[in-house]
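Asks: First the structure, which I've put down as structure tokens, then a few questions once you've had a look.
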2 protein chains.
Amino acid sequence: MNFHYPNGKKFEPKQPPQKRKVKSKQISYSNRGMTLEEDINETNEYYLAQDIAVIHKKPTPVQIVDVHYPQRSAAVIKEAYFKQPSTTDYNGLYRGRYVDFEAKETKNKTSFPLQNFHEHQIEHMKKVTNQDGIAFVLLRFSLVEEIYLLPFPALLKFWDRMKSGGRKSIKKQEIEEMGYKIAIGFHPRIDYLKTVEKLFL
Amino acid sequence: MNFHYPNGKKFEPKQPPQKRKVKSKQISYSNRGMTLEEDINETNEYYLAQDIAVIHKKPTPVQIVDVHYPQRSAAVIKEAYFKQPSTTDYNGLYRGRYVDFEAKETKNKTSFPLQNFHEHQIEHMKKVTNQDGIAFVLLRFSLVEEIYLLPFPALLKFWDRMKSGGRKSIKKQEIEEMGYKIAIGFHPRIDYLKTVEKLFL
């Protein structure tokens, strides 16, 4: 049905109806511009929509100091600070199992710096592993677009090597040996649960 | 050992040494001033320290609009807004199982308003239950200091009753019948996992 505004201008719907909320950039053939976080979020949305898993990114922790309450509109946070997270960024549920992971990327070509992780994140994943949860990290070498799933016990081995005076990074070759390369797909982008299933279930 | 400052004043330690960080208000015999959230956080810290479970509150989701970066000091968020959470507030891992819950309190005496929950939280807990996770709510009647664990399937029953035109709250009597009263203790304050163990494990 067409109808016209009183000014004679034809009504045009602002955007075509969509079956589900898909960001247009996800449809582009190339993904060079997307961050690891966006790729993982898109993947988790896919898992959720397909009833494969319930995995969410935790919100960024923020220390709120000052909030204003303007009349008739939403509360505005006027002063806040970023807090260091005490856990990993992602957790959830897959086939009855608790899944917990952190995702990091580097522009290095030959190694992955361990400074990307914090002591308390390592402690957290240790506790998760001890309680029979599934803990791992997703490591992306952004210049070559390679993503690896490294199970937490392997990460811990390299972390402990650093703590006892060894190198402060993991060689790419070591990641290739002890991690599992994840194929980058279209939908979902990073099907990491396929690897989780093979490794842990 | 006693010693004196140069001014002759005797040194008094500011506070007695403590074995672990315990907020002084937790030691008071009454807990009227503590919120449900504080009680649950204290309980979760206890579970974590005792290697009983790994359960955390998710950070409050915030949409960050403007951040300043003053030289030599931390980034300051100058404009941000509260976002509605898409999941529940608490999740984690207990004896290999994924645990997910929301905690709410009311000053009502005879019923618990269902407006405390959002549609997407209900959908989230439905998905968790379908994936073999453990989902429930903790409901506190703050004036009488009573806390109940209500398993998600029972909450869903009352939610669906509301959606089909029925009452917009759960009668306290219904919560007493279908929920499980949680004894309030000293340390931990709210030992809800004892009930989870009986009900789900």
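Here the Cβ of each residue, glycine as well, is placed from N, Cα and C on the backbone.
Relevant sequence annotations retrieved from TrEMBL are reproduced here:
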BINDING   A:T87, A:D89, A:E102, A:Q121  Mg(2+) binding site
REGION    A:1-27  region 'Disordered'
SITE      A:K104  site 'Transition state stabilizer'
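Would you situate these features in the structure and describe their surroundings?
Replies: All protein chains included, A:Q121 (Mg(2+) binding site) registers 21 other Cβ atoms within 10 Å of its own Cβ.
Here A:K104 (site 'Transition state stabilizer') comes close to A:L36, A:F112, A:N116, A:F117, A:V137, A:L138, A:L139, A:R140: these same-chain residues lie at least six apart in sequence, with C-beta atoms under 8 angstroms from its C-beta.
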Asks: Measure from each Cβ of the recorded positions A:T87, A:D89, A:E102, A:K104, A:Q121 to the Cβ atoms of chain B, and list in sequence order the residues where some distance is under 8 Å, or 'none'.
Replies: A:T87
Asks: Going by DSSP, is A:Q121 (Mg(2+) binding site) sitting in a helix, a strand, or coil?
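Replies: In three-state terms, A:Q121 (Mg(2+) binding site) counts as helix.
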Asks: Could you work out which of the binding-site residues (A:T87, A:D89, A:E102) has its C-beta surrounded by the smallest number of other C-beta atoms within 10 A?
Replies: A:D89
Asks: With an 8 Å cut-off on Cβ distance to the A:T87, A:D89, A:E102, A:Q121 Cβ center, who else from the chain surrounds the Mg(2+) site?
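Replies: Everything else in range on the chain: A:K58, A:P85, A:T88, A:Y90, A:D100, A:F101, A:H124, A:M125.
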